2 protein chains.
Amino acid sequence: MSNQGFHVAVVGATGAVGQQMLETLANRDFPIRELTLLSSARSAGKAILFKGEEVIVQEAKPESFEGVDIALFSAGGSISKELAPEAAKRGAIAIDNTSAFRMDPEVPLVVPEVNKEDLRQHKGIIANPNCSTIQMVAALEPLRQAYGLKKVVVSTYQAVSGAGAKAVQELNDQTKAIVEGKEFQPEILPVGSDKKHYQIAFNAIPQIDKFEENGFTFEEMKMINETKKIMHMPELKVAATCVRLPIATGHSESLYFEVEATGVTTTDIQAKLKDAPGIVLEDNPSEQVYPMPANCVGKIDVFVGRIRKDLDEDTGFHMWVVSDNLLKGAAWNSVQIAETLVEMGLVEAK
Amino acid sequence: MSNQGFHVAVVGATGAVGQQMLETLANRDFPIRELTLLSSARSAGKAILFKGEEVIVQEAKPESFEGVDIALFSAGGSISKELAPEAAKRGAIAIDNTSAFRMDPEVPLVVPEVNKEDLRQHKGIIANPNCSTIQMVAALEPLRQAYGLKKVVVSTYQAVSGAGAKAVQELNDQTKAIVEGKEFQPEILPVGSDKKHYQIAFNAIPQIDKFEENGFTFEEMKMINETKKIMHMPELKVAATCVRLPIATGHSESLYFEVEATGVTTTDIQAKLKDAPGIVLEDNPSEQVYPMPANCVGKIDVFVGRIRKDLDEDTGFHMWVVSDNLLKGAAWNSVQIAETLVEMGLVEAK
């Protein structure tokens, strides 16, 4: 910590994403004058090391945000609903990683590479999109800018860490049990609070979050609705199928998309993505170069490969998009929003 | 074995699919008068139990097919290329599970639920389609019949047993090594004969089979070309992305497809699939009922769920299709072709 910079609060500091946020703030050397770590009453009192200094976690309350400049929320939707407005009321900018405010028309939903200008409209709360949405729109935006975008069909290959630390533990425990020939009882996945739980080890579960009436899951509807909002394209055709897999960290996505422009080539798409911010092109089939979740863990970029033109539609393309769901999908995008607020002069230290 | 029935040969009897073929022949009580088990010289001499009787495996040679009525091939493409014509020359019908003859215009490529009438055109060789193709066309055919079919975009979630027994061993060994914190060296997946090998445990590899010049893999092109041939629809728009996952057995597929007819509902699609041969509908989101690979192992059916109408396209739908890739995807479809030949009077015991 230094004498200059911002008073930053992290709400949910002891959780999986909270920990990643602290690590990212440290790695990025974000200018922090004072750091307040907040959590539920249960975790209050714990000591957490930040850049070699011990910080004691306090119970999050409305008055915890007095004097705070930037509050990063990742402690569940109900905490955000209660406390993000309290933080905003006290002059802090709340950057919320839950789904509580994402579709609120008053709240910007931001992926900096795509729509950082929306930050100018904030009224104290900024929402961080769903992990699977972030990496998809980051990869699509350079193509939308260059060629227009008509339609997206995505099938996801999502890691269990998106469902929290307990889900990762369940994958590990189940895998160990199966390897050792022991019994096990699924208790968390696909959705902790849903009625039934299924084996995730060596399996694929086509359910992430609960089901809506229309047969899509909430996760699928998040991808659909958030994409339209972030890209400012209410007319964009988007469909999603979200699947949970026995992978600890790293979401992959198989995308089919159609651009407006005709005559675009695979090489054109590769060139646009090669120069795009936050994107790493890994696309050389003859050398078996393509992104994989095992290679993306711990990296902040979005990795794109397997780009190829559809064999039937002149405007259709396929690609494979991989990213660390805890970093670009959560902690890094939140910290990146904070960095962007600073760059754009939209936040001042009190 | 009985005094009546057919002289059946199984080529590749000691392999993973060969074993499943023998089990399926026994389970289905296929009428076998005489059983000849064939393999490479290396495996010749082994004894295999079939319905309680020991059968000694012999080295496969052209003359091995003298007197054979039906020869089931699953010993690799080069063996089929060499010996299936030799079997046919000697009056046997060769049912070939490799890709050697699939796209040969003289060779019927058959999924009995879809195009059994094509069997009438056979000239001694009948091809069994690729595993990922079979379950997809079985699920699409009842919908094509009822509503027409314009376009299919599929992303697959494929099990390692499709790459052979060594790939299953690699998944198991790697998983164990990671659980125990030991080192490991990928040696088989994604493709044994390709240049590079990657970790499959807790990972997703977007490569099955080698790459073609157009950026698609051979597996993806198999799905595209075989689907058009089996459904007799050269004009059908089909695109595929094939992904290998840390699952031992059971392929899953996320399908987006467009029908010709307008005004079709999700309920219509469900009703057609409920009554379709070889299909089991598992589709009740409110009770979290949907197919999963862990539940399909050892079953011969194709399981379909997550059926829902696209939110933008009146003719567009999504569904999730799961099947045991070693059974309907290989052994069972081959034996089912043999059963269908018998039912249709297209094979006679010598």
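Including glycine, each Cβ sits where the backbone N, Cα and C put it.
Binding of NADP(+) is attributed by TrEMBL to A:T14, A:G15, A:A16, A:V17, A:R42, A:S43, A:S161, A:G162, and the same site annotation extends, among A:N325, A:N333, to A:N325. DSSP assignment over the domain 'Semialdehyde dehydrogenase NAD-binding' (A:7-122) gives 39 helix, 32 strand, 45 coil. Secondary structure at A:N325 (NADP(+) binding site), as computed by DSSP, is coil.
It is 23 Å from the Cα atom of A:T14 (NADP(+) binding site) to that of A:R102 (phosphate binding site).
The separation of A:Q158 (substrate binding site) from A:H251 (active site, proton acceptor), Cα to Cα, is 4 Å. On the backbone, the CA of A:N325 (NADP(+) binding site) and the CA of A:R102 (phosphate binding site) stand 18 Å apart. A:Q158 (substrate binding site) carries a strand DSSP state (E or B). Comparing the Cα of A:C131 (active site, acyl-thioester intermediate) with the Cα of every entry in A:A16, A:R42, A:R102, A:Q158, A:R244, these being the binding-site residues, the smallest distance points to A:Q158.
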